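Colleague: The following block contains the structure, expressed as structure tokens.
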Amino acid sequence: MDIDGVNDAQILDHELLQLPGLSPVSLKANPHIADELFSQWLSLPETGRLVKSLIDDAKSSTPVSASKNCTSLNVACGSALPSVFMNSGTPPLSPRGSPGSPRFSRQKASPSSLQSPLKSVREPKRQLIPQFYFQHGRPPAKELREQCISMVDQFFSNYIDGLHMDEFKSITKEVCKLPSFLSPVLFRKIDTSCTGIITRDAFIKYWVDGHMLAMDLASQIYNILRQPGCKYLRQADFKPVLDELLTTHPGLEFLRNTPEFQERYAETVIYRIFYYINRSGTGCITLRELKRGNLIAAMQQVDEEDDINKVIRYFSYEHFYVIYCRFWELDGDHDFLIDKENLIKYGNHALTYRIVDRIFSQVPRKFTSKVEGKMSYEDFAYFILAEEDKSSEPSLEYWFKCIDLVGDGVITPNEMQFFYEEQLHRMECITQEPVLFEDILCQIFDMIKPEKENCITLQDLKASKLSGNIFNILFNLNKFMAFETRDPFLIRQERENPTLTEWDRFAQREYVRLSMEEDVEEVSNGSADVWDEPLESPF
């Protein structure tokens, strides 16, 4: 029997016939047998009933069970085999319906089973992955949105025409949960047309519809402070915040009649913020850096604390006083610039000439001063913070760059010896028993325990709690001698208050010293007004 010129016997798989009394070998040798079998099968009553049943099911759109039809087909074939095949000398094959038969596993699948095996298993319901990226920020939850709008309606109920800047502070504090000194900046951010009034709808549009409500506190402050289109914060972005803080904070009220020192205080706070927060050293604080730092917590603290000096992070007036007075003492001609000869006097000539040369070569940090060979007040602020707290990571990075003469990312014994030679010479000059470099080198490696022998990396220094002493040994003679003859009382004092950093302890001691000197000067001058002679003293 041919269909489209193709012989059915040639394409027929003999195992699909499932004839228990017929050998596949004999079927292959006699292809015409397939035609005979097919003709006999069509003439069987069972075949007729099967075909009629299939036609009826198709007309009534009843689903066809492939397994049922195949079973009927096999029964019809098996019961009507010619006797010539049943009586042949070939032994019968093992039953093909038995799952244990080795031939069962080699059966070709029926057309209905050629589909994907996953179809026979109930497919699990698709789990929708919730949206996790929002281009303009995650929208607030329905409950949070309704709660915020209710509070806003309550605040604006008495101000139908809108709120002025002095009236807007309550919204900043109560609704936005932001420090109150951010109120003017937030007001101007919403009042883009500079009308001087913010309506309810304008606030809802910016704070709720603009998805500010659903952001974390750091992201809210970041978006309020940054300029449109910028992806970072500059020093100038913090200036309006400090201006408002100086105007409203009770702990800075005594500075309101001295605008010059108000400006210096604001600059110092900004320099300290960028020293600790801007770890990349680009002069631009990113959102990631802002979140990793502790500036937001300090802002919240200064908004709640009336005593500004209790906020030792960034905003302490006493810390500003110490930095400014130290700079003023070195700046002999008061041109607000210092040179190498000025800096070498720092800490009663504690530093070596070689380390001062490295600082002025601008290796650790590029100077902001426009005058060649001069250090500005900002540059000095970075220096004193690094010098007086060598346990902080910004300080370790600052001094590591100074000692790494080659710039290959490691400090070698030769580089350490270069700086220690001057220390050794200075000890000999003051008749101090010198410590040989070989002994110092062993002591340094014992303290740091670097991963590689004969070199120290920045990661080695950050992993050790004694890293700051290494730099004192190499270029600060006064601190080196103090380390060699440590006072047990001071060690016990440091352990009693571990939350204070080396900078905090230094600022405390130095503020007491400067205050006592100022009191003595006031008594000697017979006047308590120290603001009359700004060129003689900064205060």
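Glycine residues also receive a Cβ, built from the backbone N, Cα and C atoms like all the rest.
Got these off TrEMBL a minute ago, pasting:
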- 88-104: compositional bias 'Low complexity' (COMPBIAS)
- 107-118: compositional bias 'Polar residues' (COMPBIAS)
- 530-539: compositional bias 'Acidic residues' (COMPBIAS)
- 391-426: domain 'EF-hand' (DOMAIN)
- 88-121: region 'Disordered' (REGION)
- 520-539: region 'Disordered' (REGION)
Colleague: Given a Cβ distance threshold of under 8 angstroms, which distant residues of the chain, six or more beyond its ends, lie next to the domain 'EF-hand' (391-426)?
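Modeller: Those are 275-276, 279, 352-355, 358-359, 363-365, 382, 385, 434-435, 437, 440-441, 444, 452, 454-458, 461-462, 465, 467-468, 471, 473-475, 477, 480, 501-503, in sequence order.
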Colleague: Which whole number is the mean pLDDT over the domain 'EF-hand' (391-426)?
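Modeller: Reported value for the domain 'EF-hand' (391-426) is a mean pLDDT of 95.
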Colleague: According to DSSP, how is the domain 'EF-hand' (391-426) divided among helix, strand and coil residues?
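Modeller: Looking at the domain 'EF-hand' (391-426) with DSSP, the answer is 25 helix, 2 strand, 9 coil.
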